[in-house]
Amino acid sequence: MNAEMREGSSALPQLQAHSPVADNIDLMDIDEPASNGSFEESPATPFDDDAFVNAGDTDQEDDDPDTKKWIVNDSRKPRKISEKKRADHAAFDVWIEENQQDLSKGLDKFIVDDDGKTFQSLIRDFENKRIITSPRDYQLELFERAKTQNTIAVLDTGSGKTLIAALLLRWTIQNELEDRSKRLPKRIAFFLVDKVALVFQQHAVLACNLDYPLEKFCGDMVEDVTQDFWHKTFDENMAIVCTAEILYQCLTHSYIRMDQVNLLVFDEAHHTKKNHPYARIIKDFYAEVKDLNKRLRISRAMTASPVDAQIDPKIARSPELEGLLHSQIATVADPTALHNSSTKLKREVTVEYGKCLPEFETGLNRALKDLVGEHRLFQKPFAFTATAASELGPWCADRYWQLFFRGEEVVKLEAKTEREILRKSAYSQEIAAQVNKVREAHRLVGQHEFASPSSDLLSSKVVILLRILRGEFRGVDHKRRCIVFVRQRNVASLLTDLLQQPEMRIPGLEPGILVGGGRPEASYDNAKVTYRDQVLTIIKFKKGELNCIFATSVAEEGLDIPDCNVIIRYDLNNTLIQYIQSRGRARQEGSIYIHMVESENEEHVKKVCQNQESEDALRKFCEALPADRKLTGNNFDMEYFLRKEKDQRQYTVPETGARLNYKQSLICLAAFVASLPHPPEVNLTAGYLVLSVPGGYQCEVTLPESSPIRSATGKVYASKAVAKCSAAYEMCLMLIKGKYLDQHLRPTFTKQLPAMRNARLAVSSKKKEQYKMRIKPELWSVLGEPTELFAMALTLADPTALARHSSPLLLLTRQPIPQIASFPLYFGKNRSSAVHCVPVPGRVELDDNQIQGLVAVTLAIFKDIFSKEYEATAAQLPYFLAPTLMQHGSDFTSVTDLSRIVDWGAVTFVRDNERVAYALDDEADEFFKNKYVADPYDGSRKFFLRGRRHDMKPTDMVPEGIVTPGHRAWRVSCKTHDILNYSLSAWSKSRAFLTPREDQPVVEAEVLPIRRNLLDDHIGDDDLEPKPCFIVLEPLRISPLPVDLVAMAYNFPAIMHRIDSNLVALEACKMLNLNVRPDLALEAFTKDSDNSGEHDAEQISFQSGMGNNYERLEFLGDCFLKMATTISIFTLIPDKAEFEYHVERMLLICNRNLFNNALEVKLEEHIRSMAFDRRSWYPEGLTLKKGKRKDLTRQHVLADKTIADVCEALIGAAYLTAQEQTPPNFDLAIRAVTVMVKDKNHTMTSYSDYYAAYSPPAWQTAPCNSTQLDMAARFEARMGYAFTHPRLLRSAFQHPTYPSVYEKLPSYQRLEFLGDALLDMASVEFLFHRFPGADPQWLTEHKMAMVSNQFLGCLAVYLGFHRAISYCASAIQKEITEYVTEIEDALQSARDDASKTPCNRHATTPSPGDLPAESFARDFWVRCSRPPKCLPDVVEAYVGAVFVDSRYDFARVRAFFADHVRPFFEDMRLYDAFANKHPVTFLAGIMQGRMRCAEWRLLVKDLPPVVGAGAGTELETPQVVCAVRVHGLTLAHAVAASGRYGKIAAAKKAIQVLEGMDAEAFRKAYGCACVLGEEEQQAAQTIATELEVFPAFSASGLEVAHHGSAV
């Protein structure tokens, strides 16, 4: 099967297969561990369809009558390894043994913790601990509450307030669309913010999450606009993000009325007080609407605290806030329930620093003040530097002026000075003097000698800060993230600059700055900071390019900062809100929050103490709120409601009597979720959504993605708690039915998981077995007296390539030969010609004389040309050869009488003459031309006569330069090397009876080459060129065969070998009822090396001359097999989840299934694994009278994987054949899939069968609401496809976290499963036809680029798909927003670069999306971060939805690919380096290219059982350890469930370790003393240069393709 992406203009792709890296690295140790217990093949990714693991559960398999009974070949004995390798493996074993305990840590995360507990003990555990409730429960409960009443949400920073706002906006807009469909007046929603910077941020977030027209306004953007402008804005948009003042002015001028607003969202609502615009909007306009029916239904506010400024929480103004906003506060009853999504603070500490010195001025500051101190522009800078010297230190104060008077800023200062003076007076003589003072100040700073930074020149506060940072960034920790909060922008800038000085740099710390969008005059940096700049800084912070940010209050609220583990309050907070919000940034596990307090400063101490007191008071205040203000979740007073509810169901397991009731179902489900595979740092939980429905409450439970069943819905009950239990109960029943809970209600999924995710159903390319091999086709077994014959003409397309006149050869057979594909023959000196095998119409009935003549010609060819004298009758010959009267260029297809084209004269002459009679004295000179002569004593010597030489006699010495004869007499017994002895090759005993005449004529001739394999183009010219010589004819035999017939018959062995191979392949196709094109049939069955199919390895035992092997067809067939089975499973099994779809598909397309089905029909016998053999092409069953005999090999050794690969190649051949039909179709390929998989889940024989078997589900055909119709209309305008069923489109964008009960639609997962395979096929089609000469490895790697998550995520943003996704997870909202910002920045940079380069060679087709159509480099996405998985998922789901909606029209998929994907890949050279971005490949380049090390290995071995773990668990959940070993030391290691991903993980870790390490440090650390040879050094230098192509390439950026063919 196709290899996963192994990670050219760039030579990076050559590292794997062609570069010196591949020659010097022990590839066996990388790809195939040689020690016992190590994996023989790298298993595949989870859900990698070809790498499915057999469950090994014999009971389960026996229960299913359709279960495959796999045949598994025993592994062959391991090949021998060198002593060096053996020592390395032994050392690796010792290392594993010594570190087994450490390696085993964390493995219990993948095993059910409670596996050994009884069910009763689980019950007792549950009684003593509450089930953790997902934060999403509270978010959705708050969302539901906000839909019915005005609400003030009081939630911690990072707990998802913005998500709730987005959900509410979407819900409001969807209701607005329904109202508009009813002809109700238009209304619009407003999202109001307090700060200008937040306008851009919140608009960017909402625009990423709402696929509706949104607009943003603030400040200068709406000055001097008219009423028409606002009317147009309100008509064209569904929502507006703006500062509150903007809306207030619009209401004041009556550009809009309050009854035209359907939603108000107040961001950070605690600002609603006094004359704040929030308060004025409510008091002046909202409250004035007396008719409650005309008021907007919801006025909602978001805040982290109802407390503002320094107000005592005990007298908090929540009643005032509630009354002013006409809303009710809503907060969580148990704040700790949000901790797993919010703050995870470990400790909060106070650090003291020495008292600051009194304010003073440095000498530079005083000198500058004397020059420009009176100028207004310098008043704020001087005010800052007056305090900077004492608070930061004199070095920072002087450094401020050095930065202030940078060269590019001086001109701006002069211009500002002029404007300032002119503003006071139209003309002033002081202008020149003041400008000169500015210039003088610049010269003064330029001439000042600045000292290097040192602790003596820094304040004690800065010194302590540096000490803290050094302690926090000690060692290598790539996950360390720190924010230092300061009060002033200049302080942030100067501290960042200080840490960038060489003397002050802290290893591992990369400083950055995050400040607001204002432009204070005191700042030395006058550049305006945009929201985009802020987001790009945050992205760098997230990626680790920056890990310590100096930030002002802008980082406290609003901006979505990545989770941190160090927060430092350099300047203490002024308000409780600042404290709560800045502390909320410390969300990583084990975070620390540091207050920097001045020694002996009671005010500082009081502030810190007051923080805790105020927070405690606030918490008590929230707890004291009335019950209707609290979000209780779904567990509130569960015991009471369960006792009260009588209508509870119960299930008893018949076999064991175990009972499942409502309360216990929560425990069972929690245990099951905990048993699912997950990273050690992640805690999986089930999500519960309880909605109010007629009659009470109904709950939907959603399980994590790794679960085989994703969701279930319970019954309606009067309480939330019982409704929740009902949903859990329904889910448990489904798990029991699916056998994911055992007879004791314990999870079995962990034990079954390897059966569905690892590589036990894959077969190995290393496991081989002997199989019978068909040498000859069945056609030749039809013997007997011929009554009628059919003919095939063997002609040359370019007969001049032979360099001798020739005529076609007729092959006469008892049955017609199928069409044989043309193929080339190679004649040396760059001469070649295609051979056409042309079936001649009709048949011929011959008399006995004619038959005997054909027998004579056939046997004469065998005897005279090939030195094989057979005794055979016409009944014994499988075919006959005959000369023809027609030429190579003749049209044999128009022959009407077959017997007329046979050269019967030549046939009769051959039949009547065994040899041409030769009279020594009576022959004319013409006799000695154009005859074919054979040596009866030496079968290797054949001659063409050129003519008589009257100037030579037999006793003349053989001239120099004539090729010497090979016979023994010439070398041993001949005393004279004359022409006579040259011509007589008989042995000594025979020579005694021969006395050739010495007066006979001498003839000039050509010695013909004996080479038969004309199929091989890798030959020397000398092997095929005739050599001149001089002979006498008396000891030789002149053949009766015509020379033009002989010239063509010399090619017959190669032709016959290819015909035999083609016929055997076609017989296999006929056996399977597949009418495949002949050349494709042969290609599909051709295996030309021992490791065909291993595209990334050097070929072993390559056999030339076999033509194209199966690899390209296998690449194509693999993808079609995936698509066909995917469509079939999607069609036939509509009620299963995506996970089960993957399982079912794995069972169909896994190599083990193909391998076993192939063996059942003996397909392996037809595989062509042997190149041309000069003794195997002769007919079988004939009696050989004279000539060498060789027993034919009738067996060949094939790897299990080879047989499976041939199955896929045959599917590929069927696909190409079907595409050539009129019209092009898939029918033949679909029949091939059905034959190969042989499964009830794929029984289709034509493409139309797929849709004929599809029954549209009820949700697809249900009536659409206005929201769904609006979405379909917008997508039609954007994408060009009009959906017949808009609900399909809606489903394609519904994330699994979005409750299905909202719109009664399933999530996109089933459609994504379908679209993934469809998009794969479209990509493979494009590459296969666009690059007909590309090898399968290249095709696989570049296909991975096209279908990678990284590209599809970019495409989702490019097409605007991200705005249409419906989800209920704040983490997804955050990820999408960050990724969209990054990808749009990369796109803009690409456009900017294109505008600077008019003749951009990467210009491609304009985008049809909503972005401007222009030319730019389409690889801008390569260097971006990984996208959130939902983005590539919705692209695939959209493709799947279009496919289903169009009644399975694949042309729609091709159109999507051509319009939206192909423009990015017109120049595939852009992605050569990306295609090779595989961790192991890249590590190989680093080790040899940069480190110059040759002694390293990547070793994989089974991890021994963990002490204390049950043996059964170990057997069912195998773990392997992979280590990068360098000179006997472990550089990096990883533990994984499969060898393949262990190697990837270990390589990533090794790359991380080597990042920033130079060759000298590496050699010292690992004792490397490798000395490379001259060629190796040159190759290493080349590799090192190539690695610079991706200078930022690091382990964090490595991506392995998620899709594609299984390995």
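Note: Cβ is positioned from N, Cα and C throughout, glycine not excepted.
Taken straight from Swiss-Prot:
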BINDING   Leu155, Asp156, Thr157, Gly158, Ser159, Gly160, Lys161, Thr162  ATP binding site
BINDING   Glu1312, Asp1433, Glu1436  Mg(2+) binding site
BINDING   Cys1493, His1527, Cys1568, Cys1570  Zn(2+) binding site
DOMAIN    142-324  domain 'Helicase ATP-binding'
DOMAIN    461-632  domain 'Helicase C-terminal'
DOMAIN    905-1040  domain 'PAZ'
DOMAIN    1478-1556  domain 'DRBM'
REGION    1-74  region 'Disordered'
* Structure fact -> Gly160 (ATP binding site) to His1527 (Zn(2+) binding site), Cα to Cα, whole Å, comes out at 51
* To do: To the nearest whole angstrom, state the Cα distance for the pair Lys161 (ATP binding site) and Cys1568 (Zn(2+) binding site).
  => 55
* So which one is it: of the binding-site residues Leu155, Cys1493, Cys1568, Cys1570, which has the fewest other Cβ atoms within 10 Å? -> Cys1570
* Asked: So how many other Cβ atoms are close to Lys161 (ATP binding site), meaning within 10 Å of its Cβ?
  -> 23
* Asked: Of the binding-site residues listed here (Leu155, His1527, Cys1568, Cys1570), which is spatially closest to Asp1433 (Mg(2+) binding site) when Cα positions are compared?
  -> Leu155
* Using DSSP, break the domain 'PAZ' (905-1040) down into helix, strand and coil residues and give each count. => 28 helix, 26 strand, 82 coil
* Asked: Around the Mg(2+) site recorded as Glu1312, Asp1433, Glu1436, what other same-chain residues have a C-beta within 8 angstroms of the site's C-beta center?
  -> Tyr1308, Gln1309, Leu1311, Phe1313, Gly1315, Asp1316, Pro1432, Val1434, Val1435, Ala1437, Gly1440
* Structure fact -> The sparsest Cβ environment within 10 Å, among the binding-site residues Glu1312, Glu1436, is found at Glu1312
* Distance [Cα-Cα, Å, rounded] between Leu155 (ATP binding site) and Glu1312 (Mg(2+) binding site) -> 35
* For His1527 (Zn(2+) binding site), list the number of other Cβ atoms lying within 10 Å of its Cβ atom. => 16
* Taking the recorded Zn(2+) site as Cys1493, His1527, Cys1568, Cys1570, identify the other residues of that chain whose CB atom sits within 8 Å of the mean position of the site's CB atoms, giving them in sequence order. => Met1491, Arg1492, Ala1494, Glu1495, Trp1496, Val1526, Phe1562, Arg1563, Tyr1566, Gly1567, Ala1569
* Which has the fewest other Cβ atoms within 10 Å: Gly160, Thr162, Asp1433, the binding-site residues listed? -> Thr162
* Structure fact -> Whole-number Å distance separating the Cα atoms of Cys1493 (Zn(2+) binding site) and Glu1436 (Mg(2+) binding site) is 43
